[in-house]
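What TrEMBL says about this protein:
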type     : residues                                                   : note
BINDING  : B:Thr160, B:Lys186, B:Thr197, B:Glu283, B:Asn405, B:Thr410 : substrate binding site
ACT_SITE : B:Thr197                                                   : active site, nucleophile
Number of protein chains: 2
Amino acid sequence: MGMEDIDMFSEQNAKAGVTFPQGFKAAGVKAGIKKSGNLDVAVIYTEREAAAAGVFTQNAVAAAPVFASKKVIATGTAHAIAANAGCANACTGAQGEKDARAMQEITAAALGCTPEDVLVASTGVIGVNLPMDKMEAGLKAAVAALSTDGSVSAGNAIITTDTYSKSCATEVMLGGKQVRFGAIAKGSGMIQPNMATMLAFITTDAAIDGKLLQKALSEVVEISFNMISIDGDMSTNDMAVVLANGAAGNAKITSEGADYETFKATLAEICTGLSQRIASDGEGATKFLTVHVMGTKSFADAKTIAMSVAKSPLVKTAFFGEDPNWGRVICAVGYAGVPMNPETTVVKFGGIPVYVHGVGADYDETALKQVMGEHDIVVDIDMGIGTQEATVWTCDFSYEYVKINGEYHT
Amino acid sequence: MGMEDIDMFSEQNAKAGVTFPQGFKAAGVKAGIKKSGNLDVAVIYTEREAAAAGVFTQNAVAAAPVFASKKVIATGTAHAIAANAGCANACTGAQGEKDARAMQEITAAALGCTPEDVLVASTGVIGVNLPMDKMEAGLKAAVAALSTDGSVSAGNAIITTDTYSKSCATEVMLGGKQVRFGAIAKGSGMIQPNMATMLAFITTDAAIDGKLLQKALSEVVEISFNMISIDGDMSTNDMAVVLANGAAGNAKITSEGADYETFKATLAEICTGLSQRIASDGEGATKFLTVHVMGTKSFADAKTIAMSVAKSPLVKTAFFGEDPNWGRVICAVGYAGVPMNPETTVVKFGGIPVYVHGVGADYDETALKQVMGEHDIVVDIDMGIGTQEATVWTCDFSYEYVKINGEYHT
């Protein structure tokens, strides 16, 4: 994968996932909501009350569970996450709101907490109502199955067209205590077809003030999940939440000192790793592309340029074809709508300059061919007019993408 | 094609093209610039001086001929257009500027005018220098071949991955005189791969003040060429120019009265028709999609929403798959970044409501299946919060698109 944080995502840590931190249990069960018959309902639970933070889709057509979970986050605490795949409960009107509320009530009754303690998330087909009889049975079964070994089943219960569940676990010293983190995530990007959505559930036994937890998550999301593009389509159901139950016994983080920085850096490492894996597992992907733009006057400019390149179908089909077509890259830079000067701009593929100051570079064709043949390819774009930078992760566009999304799903 | 202005684009009118107006000659020749050996150099000429207007790519990485032609337009008049396909002369630095200038000089010398009278345009591979020996011979041959029957060959000489040359001709009464218009255009949209570019060359024998001509063109382009999206990629070489030589003898249009309105309406009809044909002939297209957004507070909002839908790979692959997937459409509306209220929004496919006020509509599946099976499909989106509207034309995303753009062109 070409990613540095391999240990956090080791097989063992991926297996531990959200139940690695003390006091968390999880389970995934088969409720018959996915047509495939695979695992499709997940519950994550901490008996000890957790500080809760969340970020949600900016899509004006947000799904019912997004509205319900935003209200939970507004209370600052939660005990559980109840999620399903196979049905997005989006564009479902008043019935959708009732169904999201019922997910909270059923889960809360089974766990012995209040509905306001239960975050809810759904992913799958838009415009279809949740089959609430199946959902009720599934939620009850998941609560009954909760265990400290349940992260793998919970992770598998929230995936849709993903080829695998993205999960990890790690620990760091905070205030002299070992503090643990775990996560499960899904989403072949914002790219999902009928089955929209990026979901990320992160658990930690750190003790941290709820507002600082939200601040850390909001900042980290800007440089991780918000830096992925597969096809530029933002889902109606995207959600990333963190539950911090304080079971590690560290001195509660209540201000932005060294402990906060360590906490935030760990969260960033988790979210960046999950983001890279989501992009790399994009629908139909055969390449994992890192688009690194530097030398701009602001982070926003660098991100705009990187996204313009990462979203260009011409760039993405070129990489699919292993075509070192820097003309398409510089073209996408040029129409990004951000100040640029061709005379100061340099583009590199895998470290090899291909476009330098307005014209194509003389490059070693054999070396460049080798770069284009790799699975992981880094595109560096130095605009030469500033000191800021941004990195976006994406994948190529293949026949398989058209196949997955051009098939008639009914 | 489902387009109303069929007469202007009739076989006979398409054949007449840019030489239909009095005083215009054209020719296309084979200069060996295209690898296929097809026609690749075109010249359009009016001995009588023409008022000249142009609009050009907004891409910060504009090609050398774009800069050269902008200078010609700044003089307000021109006698000729010299164009080639097969090489874009983009990202070619100082050498590219010299080559564009040489195209002007060679053509002017052969015609007996000045280089400042010659607009130049190139389309094809980015980052490659023009083969100037072939270009020189080609331009001289084209000038020698100029004729009033030359529009078809000129049209074919500027196409790249287009499956056919888009051209038309028409006439209207202006100030009691029959005034003629003609046009040739190319570009499978802004979508062109190595071979970027939309080019449109429009001729008329109307007499019109140069500033009014530019005003008319600029306004018309906003509702025609700027309303096409195939893949959202804006080329380095896009150009639309009009030459008006006054040979019709109408009272010169010098103010914005009825004659100006008639002139502008005719220009709009031409540019809209060309735009629809460019979108319909998008690379790999199997569907022609009209995205009509109404009920917004501004034209800009309507255009933003329509473009968000038209550029969504999920929407485009759904139409390729003949999948009536309104969830992807409403999702793209929701992330357009423009005010929207799901409760007031209605989406129709081929006139059939599929999403009404926040939820899916009950529709006749047989009727909708028939709509999705058509080549031309209209998507109506009524936002219900204003009185403004906009229409964007696009095509679907097919396996063929990936094939055309994922092949290694060297």
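Note: Cβ is positioned from N, Cα and C throughout, glycine not excepted.
Here the structure is a predicted model, which means the values were calculated and not measured.
Under the three-state DSSP scheme, B:Asn405 (substrate binding site) falls in the helix class.
Remark: of the binding-site residues B:Thr160, B:Asn405, the most isolated position is B:Thr160 (fewest other Cβ atoms within 10 Å of its Cβ).
Of B:Thr160, B:Lys186, B:Glu283, B:Asn405, listed as binding-site residues, those near chain A by the criterion of a Cβ under 8 Å from one of its Cβ atoms are B:Asn405. Put plainly, the binding-site residues B:Lys186, B:Glu283 were compared by Cβ crowding within 10 Å, and the winner is B:Lys186.
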